[in-house]
Amino acid sequence: QDGLKQCLAEFRQQLAWVERLDVTLGPVADPVSQSASTSDAVDPENDFQREMSFYRQAQAAVLEALPRLRKLQVPTRRPDDYFAEMAKSDQQMQKIRQKLKSKQEAMERSEKAKQLRAMRKYGKKVQVEVLQRRQKEKKNMLNAVKKYQKGLSDKLDFLDEEQTSSQGNKKGNASQRTKKGPNAKRRYKNQKFGFGGKKKGSKWNTKESFNDVSSFQSKVAHNKGPGKGGRGGKGGKKALNKRPGKRARQKMKNRAR
């Protein structure tokens, strides 16, 4: 103890309290029991009591030091524009961010892999069930056919079942076709010829069409249009370009010789 006091006297500096800011006090009074907690009352093996003793001792030091700092006009509150650098650098925080991101991506990949495995397992299970059902139906039909061949049974129910199954497949295919709509050939014919309906008598005259003479052309009606040569429509340019007969062509050949 004497040696400790001697060492303390050697490195102790006679400075003002504001330069040292040392406070040595016991724990603050317990608000429940209204009494100070002594070191004898605290069980060192009890974590809760030990931490509460440290907390009350720090609280007593704060209650003692704050009034003294205010008396010395030392600010104790952080200003709003206070800027303090972080303990970790930006490079370190970037590494932490990358690590967290890689962990999250790994978790997402593992979750997707689990879902894919579950889907494959379910699909395989359904496929196995379908194959087993088909094998069972085939086996039952073969047994029924054998019984009928041997004369043990005179029922042909398996044929009815096969027909109903085939009809069900046909109905399913027909419903699919109706859902899909007409094919390209049918659509082209519908566009060209229409969608059915009454065709007979569609070109007959009506009272309105009979009285409508706006499209009447007298020259065309009386063969007086261009290229017409009078009655019968003969003559004109077409008559000049008419090919001579066989005898005339033969005479022309003889003259050329």
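Keep in mind that glycine also has a Cβ here, set from the backbone N, Cα and C atoms.
If you look up TrEMBL, you'll see 97-127 (among others) marked as region 'Disordered'.
Helix, strand and coil content of the compositional bias 'Basic and acidic residues' (102-114), in residues and according to DSSP, is 13 helix, 0 strand, 0 coil. TrEMBL lists 102-114 with the feature compositional bias 'Basic and acidic residues'.
Remote same-chain residues near the compositional bias 'Basic residues' (115-124) are listed as none (criterion: CB distance under 8 Å, separation of at least six residues from the stretch ends). The compositional bias 'Basic residues' feature in TrEMBL is assigned to 115-124 (among others).
As annotated by TrEMBL, region 'Disordered' applies to 158-257 (among others).
According to TrEMBL, the compositional bias 'Polar residues' annotation covers 164-176 (among others).
Sequence annotations record features per position, and here TrEMBL assigns compositional bias 'Basic residues' to 177-190 (among others).
As annotated by TrEMBL, compositional bias 'Polar residues' applies to 211-220 (among others). Cβ atoms under 8 Å from those of the compositional bias 'Polar residues' (211-220) belong to no residue of the same chain, restricted to positions at least 6 beyond its ends.
Residues or ranges marked as compositional bias 'Basic residues' by TrEMBL: 234-257 (among others).
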